[in-house]
Amino acid sequence: MTLRNALMAALLAGAAAATPTPSSAAPAGTGTSNSVTLITGDRVMVAGNGFRVVPGPGRQVDFTSQRRQGHLYVIPSDARTLVAGGMLDRRLFDVTQLLAWRYDDARRSDIPLIAQSAQMPAAARQARQLAGAGMTTLRVPKESAGQAWKDLTSGARALGTGNTKLWLDGRRSFDLDQSVKQIGATTAWELGLTGKGVTVAVLDSGYDPDHPDLKGAVAYERNFSEDPDIRDTLGHGTHIASTVAGAGQKYRGVAPDAKLAIGKVGGEDGIADSAVLAGMEWAALEVKAKIVNMSLGGPDTLELDPLEEAVNSLSERTGTLFVVSAGNSGRPGTISSPGSADAALTVGAVDRSDRIADFSSRGPRQGDHAIKPDITAPGVDIVAAAPGGAYQTLSGTSMAAPHVTGAAAILAQKHPEWTGQQLKAALIGSAAPSAGATPYQQGTGRVDVARAVDQQIVALPGDLWATFPWNGQGERVATRTLTYANTADTPATVDLAADGEMLKLSTKRLEVPANGEASLTLTVDARQKAPGDYPGVVTARSGQSVIRTSAGAYVEPESYNLTVSVVGRDGNPAQPYVELYDPKTGAVHELAFQDGIGKARLPVGEWNLYADFSERAYGKTVAHTAVRIADRDQQVVVDARKGNPARVTLDDPSAAPARGHSLSLSHGAWGIASWSSEDPNTRLFIVPARQEGLRYLLRTIWFSKDAVPSPYLYDLADHRAGGLPEDPTYAARQKDLAAVSATFRASATAATGLPLSGPRFRDDWPVSLASPPQDLDLPGTLTYYRTPGLTWDSMLELGTYTLADDGQAMKPGQHTRQTWNAAVTGPATAGIRGSRTGDTLTFSTVGLFTDPAPGRVGADAAATGTATLSRNGHVLAEVPLAGCALDRWESCRLQAALPAESSLYTLRASMRRQVPGSALSTAVESVWTFRSARTETERPLPLMAVRYAPRGLDDLNRATPGSLTELPIKVEGVPSTLKLELSSDDGTSWRTIPAQRTATGWTATIPNPRTPGFASLRATAHGTSGTTLTQTIIRAYAVGPASHLTPGSSAARPLA
C-alpha cells in the first residue's frame, strides 16, 4: 500500500499534436516491440528517449503524460478521474511497465485484466472465475479495446456501477545446509514433529517430479502458468518445495513429512497476478492447505491490490496461513506485495549468524507505516534441490519464506485446531531477535521452531499498531487489547515489559489460567511525540518462555485539510484533473471530485495546485496556483472562466496548424504534460499565474496547407519562465527560427520512413515526438523550422529499425544539414555497454546497426543473433540477441561469473536482419578479445567499434560499378593499428585494402566491382592495451542499379 505522494516528474508532451492519423496505425498485434495498446484503444509508441501517441479510431480526447519513479504514464482524459478515484488501475497506463512485462503489441494481442465486478465488457473474454476472491480475470483483444472502453465508461457495465474496480493482470517476480538446524527444526523432529498430516501449498515455478528429495512428497499439483506443464525450468520452485518438505539424505526440508500441493504460477516470463490468484483459491478452497508459501512479490501500491485482497479474504474465510517473502530491495519502505497484506506472515532474511541480509526488504509498510516484515528466517546461501536431481545454493527472501512455512507446518501438526492467524501469532511471539536490528528490519526476530513448539503461551494478536493523524496533542492516544492464551493444563504467570517510547501496559503481571486466556490493555500515548515512526515490542516472560509482540505507532506530520472547489467555463461545477504537488520533492496528491468538490489532507508546507479542465463544448483550460498550508484548514476556488485564450501565429501563409496543441509545465522536481486531440481548432485557455520556478512550454506543429507530402515541418514552442503567462500569445517569424535541411537515404527500393523530433523541456524527461502526417517515401527530404533556445532530439523509424541522435541545440537563424540512414550501418560504442564489477561481467547492446553520423545510435528490433563470452576456448555464457531496442538494454544482455585471476576473454556479438526497409548491413559481427581480472569497482570493458563514412554514394547508398570510393574510417576506443579487408561476394573471399593513418583516424580507397553487387567490409583493430576487435559487415553498401536493392534480401553466406 504505497503512499500516493510518490515522486513524480512529467514528460514533455505534444505527441498527439503531430502523430500519424489513426488510419496510419498498424492493427493491434502487428506493432513493434515498442508499442503498446492501452485499455482505451489508444496506442503509445516508444522510441529511444522519446514517445508518441496514436489515438484510437474516433477518439477525440486529450492526453496527460507523467513520469513517476522512472516510469512513463500516458493517461487519456476520459480515464483520469477513474484512476484518481481508485476504480481503474494506474498500471494500465504505465507504458514502461507494460513494455517490461512484454505486453507490447508485437508479443501480445490482448490486454489481461482482473475485474472486481458483476458485469464485464461485451468485447472481453472471461479467462478465470475467482469466486473465492470475488474477482474475474478477463482478456480484451487489443483490436476491440476501444469498444471495451466504451462499455466500461457507459451503461450498466460502467466502472462505478456494475464494475467496482478494474486492475491490470500484472506480473510478479520470484524474490531470489545449516539453515534447518539454525531455526531449531531438528529439535522439533526429536519430539516427533515433522509436519506429518499437514498439507502445505507451494505457489511457485513448479517442481522437478523426478527429484529424489521430492519423491512421495507431492500429493497435489496443478499448472496455472502459461507454460505447458508443471516442470520447473527455473529451479526456484524446486528449491522452495524441498526447503519446506524435502526428504533427502543430505539435505532435509524443515517439515520433511508434510504433504505438498504444488501450484505452478509462473516461469521464465514472470508470474501473472491471475495465475497467483487462481493458485491461492485452489490451495485454500480445493486442496484446503493449512499453509501456503508464496516466495514472490511485486511493487506495493497505496490501494489494496488483488493479491493483497485475496490474502486477507481467503485467510479470514478459510483459516489458511499465507507465508510471503518480504522482497529483495534492501531499503526502508520496500516491503513487496502481497507480503504487505495484513494477514500475510511476511518473512525477511538473515544470514547464518542471524544478521539481517543486506538485500532483505525493510519496513515500514507504505501508507500506515505498520511493522513489516513480521519475522525473519535464513535466506543467505541456502542449499536445496535443483531440477535434474542436483542441488543449488540460492539467496533471497524467497529462500527465507519456506523455512517459516515449514515451521508453521510443524506447529500445525502439534495444534491441528489452530487457525492460520494463531499459527502466525505463535511463530511471531516465539521468534529470536537479532542483535541490533529494529522491528522494521526483523519484525520480532528469526523464526525459532524449537521455542514455538515448546512455549505454552501465545499472544493474540501478534502485532499491534496505531496511526495518529495530526489533530492536536490531546487526541493522540489509543488503546489496544493484548490477550495471552495458555495452552497448558496448569496456570501460568506472565511478567510483561514494553520496549517503546509511547507504549504503556495496564499491568506488569498477568495470571493466565490453564487452557484459558487473560488480557491487558496496551495504551499508545503519542501526545508529546514529534511526527514519525515509533516501532516497539511488548515482551512477556513465563518461566523459560519469551513471547514478543510487535507494537507501536505512526504520528502524521502536522497536516490540515484542503478543500478545492472548481468552476467550469459554463459557470457550473466541473470535474477536472487536479494534482497537488511539492516542487522540492515532487510528491503528488491526486484529487477525486464529486459535484465540483475535491478534498485532500496535506502536511504543512508550500504546495502548488495544477488543474486541467477538458470540456468538450469549451475546449481545454489549464490553471495553476500556489497553496500554503500553515496552521489551519484551507479552501481554494479554481475558476476556468478566468482563462485567456492561447494563440500561436506564423508569418508563413502557406502553412497551417496540423492538429491540436501540447502544453508542458515544470516546477522543481515536479512536471506534467498534456496535449489535445486531433482537431487543430481545439481551444486552449490559460489562467494567468505568477510563480517563480514554474516553466511553461506551449507547442504546435504546422505543415503546408497545399503540398502533400509537406516539404517542411514547423515545430513552434513558446517557452517561458515565471508562471503561466497573462498573454499566452506566440507570434513566430520564419527568419527567427532555426532551420534543418534533412535528407533521408534509402537502403532498399520502395522504402518508407517516419522522421520524428521534439524539444527537450528537461534533460531528465523523455521527449514527445512529432512527425509528418504520413511516412515519407525514401529517399526523401524534409525541412524543419524550429524555435531556437531549445535542444531538439531527432529520430528516424524505418519499420523495425530506429535511428536516434543525441540532440542539437538550436540558435536563432541557424541553418544546418543532416543526412539520415547513410551507409555504412554498423556497430557504434553508443549502442554497446560492457563492464566488470568484482567477478561479474555484464555486456548489453541495443544492436549493431547505427549509421555513420556522429552522436547517433540505432537498433533494429527484427534483427536476431547471439552474444557469446569465451575463455580459453570454453564458452562461459551465451544469450540470444533479439528484440533489441533503444530503450530496452535489458532485452539483449549477457552476464557471466568470472574467475578472479587475469585471463584472456573473447566476446562475440553477431546479428542478422532480413527486413523490407533495408538490403544493406544484413549481417554484422564484432569479436573483441581482452584481458580481465577481478576489480574492486565497476570498470568498463575496452570495447572498440569501427565506423565508416564512404563518400560519393547516392541517396540509395550506391556506388557506381568500377568506380573508386573514398572511405574515411574512425575507430571508437583506443586503437593503435587497423587492417581493412573487402569482399564482393558476401564474405566468401576477402582481400586486403591499404588503409592510411590520418589525424582523425584512417582512410582507404575502395575499388568497386565492375558488376552490380555489394561491398562487404572487415576490419581488425588492435588497441593500445593489447585488446583486439574484428568487425565484419556484410553488404556495407551497394554497387549498381536500384533494382539490385531488393527489399528483404540477405547475405548468402553466414558469418564465420
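Residue numbers in this text run from 1 along the chain shown.
Glycine is no exception: its Cβ is also placed from the backbone N, Cα and C atoms.
If you look up TrEMBL, you'll see 1-25 marked as signal peptide.
Mean per-residue pLDDT, taken over the domain 'Peptidase S8/S53' (195-443), amounts to 94. For 195-443, the entry in TrEMBL reads domain 'Peptidase S8/S53'.
Annotation source TrEMBL lists active site, charge relay system at D204 (among others). D204 (active site, charge relay system) falls within a strand when secondary structure is assigned with DSSP.
A 10 Å cutoff on Cβ-Cβ distances gives H236 (active site, charge relay system) a total of 28 other Cβ atoms nearby, all chains included. Per TrEMBL, active site, charge relay system is recorded for H236 (among others).
Residues or ranges marked as active site, charge relay system by TrEMBL: S398 (among others). In the three-state DSSP scheme, S398 (active site, charge relay system) is classed as helix.
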Quick note, D204 (active site, charge relay system): same-chain residues at least 6 apart with CB under 8 Å of its CB -> F174, D232, H236, G237, I240, A241, I262, G263, K264, V265, G266, N293, M294, S295, L296
A correct count of other C-beta atoms within 10 Å of the C-beta of S398 (active site, charge relay system) gives 31
By a three-class reduction of DSSP, H236 (active site, charge relay system) is assigned helix
